[in-house]
C-alpha cells in the first residue's frame, strides 16, 4: 500500500500555548518569539507539552542543547499520548548527555518500545541550532534532521503495533543517570550547571488537534 501523501499533513502553525508539567520556574516560554528554554540545575529539570493532542501531522523545532559536561542528562523532543501512562503511544528524539554528536530515535505502541536506533549527527548538537522534525501519518513515521530523513518506519501487516493514539508534543530535560546504571546517558557530574536547552521556531499541525 502506498504512503498517504505527506503534504496532507504538512500544514503547520507556531506553537502558541504550552503546559508545564513540573518545575515551572525552570521553564520559560515566549509565544511572541516562539521560544522555550528549559533549565537543569539544583531544582532538577522541567517538562513542557502542547495543551492539545494531535492525530498525525508534522512537528518541528530548532533545538540547541546545553553546553559543557552534560553527562547523565537527557534532553528530548517527542510525542506521547500521555507521559507516565504505561500504555502510551510515543515517538521520540532523545539527546544523550554523554555524547553530543549522536541522537537516539524510538517509538512505542501501547507502552512497548525497544525500537531504539542511534544516529550520527555529523555535528555537535550543543554548538548551535538544528531543526528536528517528526512526520507522523497513518502507517508511517519519519524522523528528520535539518530537513533530511534519518529514519523511516512503516506499519507492517501482522507486525507489532504502530502509534495511532492522539499525542501531545513534549520536551524535557532530566537526569537519566539511573537508567542502566549510567550506561545510557553517563553519570551526572554537574560541573557546568546551569544547563539550558533552547527551543525555537516550534511548529505543530494546524488542522489535526483533537482536543
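Don't overthink the numbers, they just go from 1 along the chain as shown.
Including glycine, each Cβ sits where the backbone N, Cα and C put it.
Quick look at what TrEMBL annotates:
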DOMAIN    8-204  domain 'GH16'
ACT_SITE  90  active site, nucleophile
ACT_SITE  94  active site, proton donor
Are there residues of the same chain, six or more positions away from the residue listed as 'active site, nucleophile', whose CB falls under 8 angstroms from its CB, and which are they?
78, 79, 80, 81, 106, 107, 108, 113, 163, 167
Using Cβ atoms only, which residues of the same chain lie under 8 Å from residue 94 (active site, proton donor) while being at least 6 residues apart in sequence?
74, 75, 76, 78, 103, 104, 105, 106
